[in-house]
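A.B. asks: Just lifted these from TrEMBL, have a look:
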DOMAIN    127-243  domain '3-oxo-5-alpha-steroid 4-dehydrogenase C-terminal'
TRANSMEM  7-25  transmembrane segment
TRANSMEM  82-101  transmembrane segment
TRANSMEM  121-139  transmembrane segment
TRANSMEM  186-212  transmembrane segment
């Protein structure tokens, strides 16, 4: 799992690049690179001439949130998490790299090819931007806390890694579910869906993928805890509180 770091390196670089491209197109009136326009054309986005300010701002904001999420996860992989010797399949590794490239491209494809036709962006902040960003911050804080709790189980009080074995975590959302960091990941993607304006069907397909992916991992982890720790709290659910 330490190779997850590679996913976030790719995401920070790629989605940072897309963010710069969209920022320059939105605020400076520059055209998107030709290959991005070709991608838009293949997906039929260039046929949409609707030019709604808050939709453009929503896409820019979500791409920023996605990039910040990748930066935080990269920092946690480098300086917070303590990984065991577990491995992932090469197919999973390649899929993970492709996923973080595709998810940023998905956001960028929510705006037409010509973006603003050279016009300056008139930022229109809507109620769902506030709700989405607040939910994003709330879920991100809890995810970081839960990852820190997991890491501290393998460290001494001085911060030195003393074990790579598994232990039962306590504190924060761990009091209710076995994998709160997975649940927080889902909430982060839901918050981006809200920030996009709630109605964006494409992004909710991404949320559904995250839901099933994280739920499967959470159930497997929950079963592991129950099988290996006889005193594991029976009231804890696997993934979603009370479910």
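Numbers here mean position along the shown chain, with the first residue as 1.
Here the Cβ of each residue, glycine as well, is placed from N, Cα and C on the backbone.
Nobody curates TrEMBL annotations by hand; they come from automatic prediction.
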A.B. asks: For the transmembrane segment (82-101), which partner among 7-25, 121-139, 186-212 gives the most CB pairs under 8 Å?
C.D. replies: 7-25
A.B. asks: Could you give the number of helix, strand and coil residues in the domain '3-oxo-5-alpha-steroid 4-dehydrogenase C-terminal' (127-243) as assigned by DSSP?
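C.D. replies: Each residue of the domain '3-oxo-5-alpha-steroid 4-dehydrogenase C-terminal' (127-243) counted once, the result is 74 helix, 4 strand, 39 coil.
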